[in-house]
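These features come from TrEMBL:
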type	residues	note
TRANSMEM	34-52	transmembrane segment
TRANSMEM	72-92	transmembrane segment
TRANSMEM	143-161	transmembrane segment
TRANSMEM	168-191	transmembrane segment
TRANSMEM	197-215	transmembrane segment
TRANSMEM	278-300	transmembrane segment
TRANSMEM	333-355	transmembrane segment
TRANSMEM	385-403	transmembrane segment
TRANSMEM	409-432	transmembrane segment
TRANSMEM	453-476	transmembrane segment
TRANSMEM	488-509	transmembrane segment
C-alpha cells in the first residue's frame, strides 16, 4: 500500500478525470471546479424559474390566447421541450465545456463547416442570453413598480405610479447588485443558485396552497381547460391560431437550461452532472410550472377587467387577481402583495443566475477569440472568477433596456430575442448531431442510445415550428402599435452575424481554440 507524503493534499481522482477530459477537448482548467450535480441543477432550475416565466408573461398568454391555450399549451411545450433538453444533455455529456452550444456545433458540423457553425451558434446564444438578462431584470423592475403602486393605494386610490425613468433606475440598481453578486467566488454563487432552486419550489408550494384556500370565487374546470380569449380586441378569432399564440408564454417560461452546460467547467464529474442538470431542471420545471399555472388561472374570473389598464394594478393581470382575491376575503390586499413579494424574490434570483450564465458563455466565447477585445473578457481574477465579462454582461443588458424609453414595442422586439435567440442556438448543434454527425457522434456517459436521432429530429422540428409561431402577427389589422418585430429582431442577429462572418471573421476565426499548451 502506498503512503501519502506529509503535508501534501490527497489527489481527487474525480477532479483529475475532469481536468484530463477538459484537456482532451483542448482547454486547460482555469475556473474553480467546485459545483456538485445539485448545484449545477440549481443554476438551471433557478434560471428557468417558473415563478418568473409564468408570472411575467401571463398577460401575454391571457390576452392573445386565454386559459385553455396556456394550460393545454404548457403540456405540448413540456413534451417537445423535453426532446430538446434530452438531445442537449446527450451532446453535453460528450463535450462538457463552458462554451457549450457553439463548441458542440463546431465538433458536430464537420471540419469544413465548423467555424461558421460555431460562429453563428455562439452569437445567437450570447445575444439571446443578454436579452434574457434584460427581460428578467426589467420584468423585476416592473413588478417592483406594481408592488409599490398597490402598497400605496393602487392606481384608483392615489397610489404611486413610477415613470419609465424611475423604472429604468430600479432596473439599473438591480443589474448592479447582480453584477456584484456574480463577482463573488463560485462557492458563494453556488449558494445563490441553490437558494434560487429552493425558493422556486417553496414559493410554488406556498402559493399553490394559499391562493385557492383564500379565493372566494374560482374559475370552473371547464373555463380553465376550454376557454379561449376570442374577444381580445386583437381581431383574431380562430381557436387554432389563438392556441398557437398561447404557446409562446409556455415557451418563454422554459428557456435557460443551457446554463448547466456553461457551468460544466466548474462542475465535478461534468460528463454526468451537466446532462443531469439539464434534464432534471426541465422535468421539474415542467411539473411545478403547470401546477403553478393552474393555480393562477383558477382565480382568473374576469379577463377584460384583469387586463384593463384602469384597474388598481394598471393592467398587470396576476397582480390584480391576487390583490382582488385577498381583498375579497379579508378586506385588504396585503396578502396579495406578499404573494407578489415571493415572486419578486424568485425573479431576482433568476436574474442572478442569468448573469452567471452570460458570463460563463462570454468567458468561453472570448477564450476562443470570437468577441471584440477577447483578451480582456476571458481573464479571470485571483478567485478564478471571469470578472471582466461579468460586468460586460451587465453593461450590455443596460444598453438593451434603453430601448424601453423610446418604444415599448421596440423593447418587446428586443426581449423576444431572449426566447428565439436561445432556442435557435439550442437547435443548431442538434441539427448537426442528426445530420453531419449522425454516424460519427461518440456519446458520453449520458446517451439516448438508438433513440438519439429520433429525439433530436423531433427537437429540431419543434424549434422550427416555434420560430414560425413567434413571427406570426398577434393582431389584425396589423398596425404600427401591434406590429410583431420579432422577425426583424431575430433576422437582424442572423444578418449581423453572417455579415461579420463574410466581411471579417471568416479570414481568422477557426472555431474553438486549443489553449492547453499556453503558459
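Counting starts with 1 at the first residue shown.
The backbone N, Cα and C atoms fix where each Cβ goes, glycine too.
A quick note: this is a predicted structure, and the numbers were derived from the prediction, not measured.
Most Cβ pairs under 8 Å with the transmembrane segment (72-92) belong to 453-476, among the candidate stretches 34-52, 143-161, 197-215, 333-355, 453-476. Here the transmembrane segment (168-191) sits apart from the transmembrane segment (278-300); fewer than 3 CB pairs are under 8 Å, leaving out pairs fewer than 6 apart in sequence.
By the Cβ criterion (distance under 8 Å, sequence gap of 6 or more), the transmembrane segment (197-215) is not counted as touching the transmembrane segment (453-476), fewer than 3 such pairs being found. If one looks beyond the transmembrane segment (453-476) by at least 6 residues along the same chain, the residues whose Cβ comes under 8 Å of a Cβ in the stretch are 64, 80-81, 83-84, 86-87, 234-236, 241, 244-245, 247-248, 251, 416, 419-420, 423-424, 426-427, 430-431, 433-434, 438, 482-484, 486-487, 490. 333-355 is the stretch from 278-300, 333-355, 488-509 with the greatest number of Cβ pairs below 8 Å to the transmembrane segment (34-52). Here the transmembrane segment (143-161) has Cβ contacts under 8 Å with residues 55-56, 167, 170, 310-314, 316, 319, 323, 333, 336-337, 340-341, 343-344, 347 of the same chain, all six or more residues outside its ends.
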